[in-house]
Amino acid sequence: MVSPSSPESNDDDDLTNADSAITPATSTITTDSPTKSSFDDYQSLSSIRIPITRRITPSLSPQYEESNISTTTSATTTTTQQQHQQQQLQQQQQQLRQMSSLSASKIEQAKTDVLNNKKISFIHRFITNWLIMDPNLISHYNNTNTRRFKNYQIENQGQSNFIYFLGGRLHTIKTKYPINLITLSLIIIPGILYIIFELSWQWRNFSPIIVIIFLYIWIISIFHFFKLSTCDAGKLPKNIHLPKKLITITTTTTTTNDNEIDHRNNYKVMGSPPDEYFNTVTLPYWKTNNDNNDNTKISKLANAYHSHGVQVKYCGTCHIWRPSRTSHCNTCQQCILNHDHHCIFLNNCIGQRNYKFFLWFLLYIVIACLYLLIISILQLCHYKFASHKESEIITTFNQSIKTHPISLLLLIYSCLAICYPGLLLAFHIFLTSQNITTREYLNFVYKKPSKSTDGGDGTRGFVNVYNTHSIWENLYINWLGKSNGVSLTFPRDYYHQGDIRFANIEPLGTFTNK
């Protein structure tokens with residue numbers, strides 16, 4: 001009798017035989033060595049082998065399959081990254097070739113466009129456009145909502161030597177070595193040391209009025225320093241006297257981000273100006289009558305030098321006829337009224353509008369140093385005049401120095417600091433007593449007379465026509481009586497389009513050729 005389970009067992013045997021028949025074929029496909037494959041590219045073999053393995057051998061190890069897939073995927077990813085890097089490299093090389101083909105002006109224009117497209121916050125504009133303003137960076141603010149600029153913002157069309165503060169109210173000169181900051185520190189540090197270490201002792205042992213007087217002199221000296229360092233010394237407007245027929249005007253039109261059209265005029269002086277632009281015009285200061293004058297020293301001087309009066313010259317850099325006693329400062333690149341000198345310790349010119357403050361500044365500095373010197377000596381020697389209790393604590397000068405070391409430091413500082421301001425004050429007292437400027441004294445009085453300036457009797461050709469022949473009157477004019485005047489450049493007024501006073505024009509041709 002046949003068992004019921006016989007057909008089932010036969011079926012199992014058939015399945016087993018079928019599996020054994022398929023397995024070698026599968027093994028042949030999955031165990032082929034890549035080096036012995038008929039394919040030339042192993043990467044192509046791997047990409048074809050994966051679907052065949054999945055279809056024929058579902059019983060393969062999952063770990064083997066995952067490793068095989070990850071190897072293929074990583075190879076594909078590496079190839080894609082390399083292609084992407086090559087594309088980026090090609091794009092960069094193409095951009096470099098395009099940039100090299102551009103001229104310098106186009107590159108600068110591209111940089112300006114990038115800056116204009118950049119949105120600037122209100123705080124950034126407030127700090128860099130009002131609190132501290134450099135006219136050379138005005139292109140950074142072309143995308144502001146308001147198109148009205150101040151004169152100080154457009155000065156020289158981005159080639160200004162000044163930095164403005166508080167909306168054009170104050171200014172200073174851009175310099176590589178800010179010596180004025182060192183000067184300010186030399187004024188502030190001694191006062192701070194005095195306040196910290198000596199003020200309370202002198203308030204108790206001397207008198208409060210002594211402390212108050214020193215603090216007043218110290219504070220007013222700092223005020224005069226800021227006044228001198230940041231005020232207008234008497235700048236004159238530029239480009240007032242230009243030969244119109246020699247001016248070439250070109251208009252550049254640009255469109256801003258606010259869809260507004262900005263017109264900017266470019267000026268250039270072509271050719272050589274007339275000869276009168278390079279002559280020195282002398283205005284006579286004295287009229288003499290040879291028949292009525294005796295052969296005195298004054299009459300000889302007047303007759304010999306009556307033509308050497310007030311000289312008026314043309315400034316080829318500022319393009320203006322300079323008034324009398326006006327000179328061009330190479331540091332400020334401005335013509336200054338009644339120009340005395342350019343002070344590197346204040347980083348500003350000394351002229352008509354701040355010369356009086358300069359004189360009082362020197363006086364206050366000398367008084368402050370002298371006052372500090374005296375009270376420091378009194379504090380160090382106070383033990384000799386003190387009460388019995390204090391004299392028992394401090395009995396010698398060495399003990400006093402150990403007790404008050406800052407007083408000794410301030411004493412030494414005062415002795416050193418009073419030297420230069422004291423000599424400078426004495427020199428300017430002499431100049432103001434003659435009503436003459438430093439520039440006139442060094443150029444015409446101090447230097448040796450030449451044949452062109454010597455009248456034959458050993459006297460110099462320069463005659464100070466501004467001298468009132470009264471020392472007290474000259475001192476009063478310079479220290480108290482002279483008016484500071486008003487600013488002639490109006491930096492805080494609104495800028496009007498096409499105002500040639502604030503344009504950047506090259507010096508006249510004859511000046512550049514010589």
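Quick reminder: no glycine exception, Cβ is built from N, Cα and C everywhere.
These features come from Swiss-Prot:
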- 1-94: region 'Disordered' (REGION)
- 1-176: topological domain 'Cytoplasmic' (TOPO_DOM)
- 19-37: compositional bias 'Low complexity' (COMPBIAS)
- 44-60: compositional bias 'Low complexity' (COMPBIAS)
- 70-94: compositional bias 'Low complexity' (COMPBIAS)
- 177-197: transmembrane segment (TRANSMEM)
- 198-205: topological domain 'Lumenal' (TOPO_DOM)
- 206-226: transmembrane segment (TRANSMEM)
- 227-356: topological domain 'Cytoplasmic' (TOPO_DOM)
- 313-363: domain 'DHHC' (DOMAIN)
- C343: active site, S-palmitoyl cysteine intermediate (ACT_SITE)
- 357-377: transmembrane segment (TRANSMEM)
- 378-409: topological domain 'Lumenal' (TOPO_DOM)
- 410-430: transmembrane segment (TRANSMEM)
- 431-514: topological domain 'Cytoplasmic' (TOPO_DOM)
Long-range environment of the topological domain 'Lumenal' (378-409) - Cβ separation under 8 angstroms, sequence gap at least 6: 193-194, 197-198, 201-202, 205-206
Helix, strand and coil counts within the topological domain 'Lumenal' (198-205) (DSSP): 8 helix, 0 strand, 0 coil
Those residues of the chain, 6+ apart, with a Cβ under 8 Å from that of C343 (active site, S-palmitoyl cysteine intermediate): L228, C349, I350, F358
Local confidence of the topological domain 'Lumenal' (378-409) - pLDDT mean: 81
Within the domain 'DHHC' (313-363), residues counted as helix, strand or coil by DSSP: 9 helix, 16 strand, 26 coil
Secondary structure tally of the topological domain 'Lumenal' (378-409) (DSSP, helix then strand then coil): 24 helix, 0 strand, 8 coil
Chain residues in Cβ proximity to the topological domain 'Lumenal' (198-205) (below 8 Å; excluding those fewer than six residues from its ends, i.e. six or more beyond): 211, 375-376, 379, 382, 386, 404, 406-407, 410
